[in-house]
Ligand SMILES: Cc1cc2nc3c(=O)[nH]c(=O)nc-3n(C[C@H](O)[C@H](O)[C@H](O)COP(=O)(O)OP(=O)(O)OC[C@H]3O[C@@H](n4cnc5c(N)ncnc54)[C@H](O)[C@@H]3O)c2cc1C
């Protein structure tokens, strides 16, 4: 953490937060973007990376991950300070400056935009105890870098879109890929399941994982113990890497401690996306107002509205509306 006082700190690196960060940079504000996960993208990247989206203006079809890549590429044109793998825990106003407390330290800022969607995502983990050292190299809940799987023997656990998509993609670079699922049927798009069936992925179903431990002879590898559902059959596979894709849980309970006006789980905002707290705005899936739609298109529009009002509050003498061509600095 540094000693800067940011103009705007945006909490949440989903579509709403990434685009609002870019727009705030276009308005020449200095911006911090905080995301609890190690990578940006929010729901489209985390929950439906390969699903096609058809209702983004001017893009007839784009997948969740392509949308995320484009948003990040756009943000990189102007850059901002990004704090990834950092969760916001509290907001406190001290002498007109907001202190945004995180699990890694405090960020000071004049205004805040809350864009936390359904709350901080955490991966659903294996439910039994295992050696925490396994998470250093062998056991993951995210793919940070596909290259880590090149030429490796890998097992992927899960039966949803994400597990099936990763099995198809990683099988193209791995030495071998096994997909472990507790049912015989996947909860994934039909086209993905057909692609899976045409691939070399070894489909192990219906099995659940009972245990994971380092291999006794070669501690770079792990033994994954599997039990067949409704059977006593137990078998062990030895792999380099296990990727667990059991989905994500989100938690927005933290909002109750921030003195915000809420309606159910949502933050109430006015027409300029302002909350009841001074210079604190909110956008995207976490907010409610009459007619609110939980769509990416709506979230994109809410960012510039919030940024413009924040700008006007902070710097009343600055022009508060302009078209992109007059704002963009090459
Ligand atoms: C399966 C599915 C399909 C969908 N399909 C479509 C579609 O086709 N078209 C469409 O328009 N919409 C679709 N949506 C909805 C769309 O994904 C959401 O409207 C959009 O993601 C909202 O963006 P957001 O930035 O507000 O929130 P999110 O995408 O949820 O991002 C919020 C981010 O904030 C982070 N965060 C939360 N709490 C904290 C904290 N305390 N500290 C730091 N970071 C935090 C989270 O980790 C997350 O990355 C779909 C949703 C789902 C689940």
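Glycine is treated like the rest: Cβ placed from N, Cα and C.
Feature annotation from TrEMBL assigns domain 'FAD/NAD(P)-binding' to 6-303. Positions annotated as FAD binding site by TrEMBL: 35, 43, 48, 88, 121, 285, 325.
Features recorded in TrEMBL, as mapped to the structure shown.
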residue : record           : Cβ within 10 Å
35      : FAD binding site : 27
43      : FAD binding site : 21
48      : FAD binding site : 18
88      : FAD binding site : 23
121     : FAD binding site : 21
285     : FAD binding site : 27
325     : FAD binding site : 6
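Mean pLDDT for the domain 'FAD/NAD(P)-binding' (6-303) in the predicted structure: 94.
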